[in-house]
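Some features that TrEMBL has for this protein:
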ACT_SITE  Glu171  active site
BINDING   His170, His174, His180  Zn(2+) binding site
DOMAIN    75-271  domain 'Peptidase M12A'
DOMAIN    273-385  domain 'CUB'
DOMAIN    387-499  domain 'CUB'
Amino acid sequence: MHCGGPLSGQGCSLPEQLGKKPSSGTQCWSSSTMTSCTVDSSFAVGKPVQVATRNNEADTVLYESDIVLRRQKRSAMNCDCFWPKSQDGLVKIPVNVSSDFSVTERAWIVEAMQEFNTLTCVRFVNRTTESSYIKVVPGQNCWSFFGKIGGAQTVALMKNGCMSKGAIQHELNHALGFIHEQSRSDRDNYVRIMWEYIMAGEQENFGKVNSNNLGLPYDYFSVMHYGAYAFSNTSGKATIIPIPDPSVPIGQRYGLSNLDVAKINKIYNCNRCSSVLPNVNGTFSSANYPAPYPDNSNCLWLIRIPQNKVFLQFQEFGLQSSPDCALDYVRIYDGSNRNARVLLDKYCGVAPLPALVASGHMMLIEFVSDMAIAGTGFTASYSHVKCGGTFTNAYGVITSPNYPNKYPKNQDCFWIVGAPPGYQIFLKVVFFELEDIDECRYDYLVIHNGSRPTSPAVGPYCGTMKIPEFTSTENFVLVEFHSDIVWVFHGFMINYTFVTPS
């Protein structure tokens, strides 16, 4: 790719803040200290690690605190900023992760890469013999080369500062050809830079570039955005203030934002249907709902709430039926990628979907349709619960939080047990001790004959009641537990087993 191409990452541009305002159009520039390639406006959110402007790598400098630009490539006419796409439509990037990382640290790096692999056409793959690849190594700072440079190129991660998912993805995004969100050309419409509060010598980290913003909105929530207090010289004084609403949070490092994903897919021409849902609660639906969904759909929704566990419910559901749901289906994973445990395997038809509880703050929903006979699709909502889970094994145990110790105050928990079609679920309470009060108004246990809070129920139970054995009439059961803000007790233990109708 050559300087002056239609995409922002293909050219080179001098940040205005450095004192030389570029002329109209995409420009190439160099100086005695750095070279800069224009990047796609998918620059994003987060507080950078404050690092020196130079590092020990030969013939490199750091631009905007964590981007390496090679001096010997001063002529941006030769910069190959983007990684090539294979004939199968995937952008395969070989990676070698240093053995100097611990097993746990390597797992964090792999998890961060898997989010790209799941939601975009970028595939970080293990390097074999490829000559151009990314080597991920521990570093004293956090930094990356900008875009594809050819040969082995470093992504350095400081062990005590850059090992969160979003921080890892931030540096990988630089390697894909993206710089910081607050550097895009239209940033002054969305943030105010407080130059008087920036540390001496760090002003160059707040420059702008002549960017192609891809027609996508400014992204306060991008993983590429500096935090509000980045490089501040005064405690409590922000260097970046969102406008017009200064309370908008910036600088998250939880993971790729929805617009981060959209920008990667757009700049690399990915044919992908994927969304990130980061709010505490929300709704989503199949395309065109309630009209029939498109043929040949393959869509993903990643729910990533800030804390607690994802609680998912489908309000409406109608997909084409087929044996084993081989044609159109929904599949749900207990995590952020397809390697996670399957909470609900291929599901189709018009039967109501069960509610589901993730083991953590992420859940992935996959929707696939074939080339003919579309249904009306679905609409779903998600929220969060402090405790609970989804059980799909043939037998197991459900316990109150902290059991056999006392459960916490102010809990709302949902456990869903799902058996294969044709089975029922048998529950036996083997220990039970909750706060005892008339009508069980404060702490209580309810058992629902179905997977939803609105399903028929027995209970509420509290105190030390003798709870009768329970056999569902459906293949799902929901166990609901609530505690108030006052008294706590030892809770409960319930055994469950799948059974066939007698």
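Note that Cβ sites are derived from N, Cα and C of the backbone, with glycine treated the same way.
Whatever TrEMBL says is automated annotation, not expert-curated.
Each of the binding-site residues His170, His174, His180 was scored by how many other Cβ atoms lie within 10 Å of its Cβ, and the smallest score goes to His174. Around the Cβ of the residue listed as 'active site', 23 further Cβ atoms fall within 10 Å across all displayed protein chains. Across the domain 'CUB' (387-499), mean pLDDT in this model comes to 94. The DSSP secondary structure for His180 (Zn(2+) binding site) is coil. When the Cα atoms are compared, His180 (Zn(2+) binding site) and Glu171 (active site) turn out to be 10 Å apart. As a summary of secondary structure, the domain 'CUB' (273-385) carries 3 helix, 55 strand, 55 coil according to DSSP.
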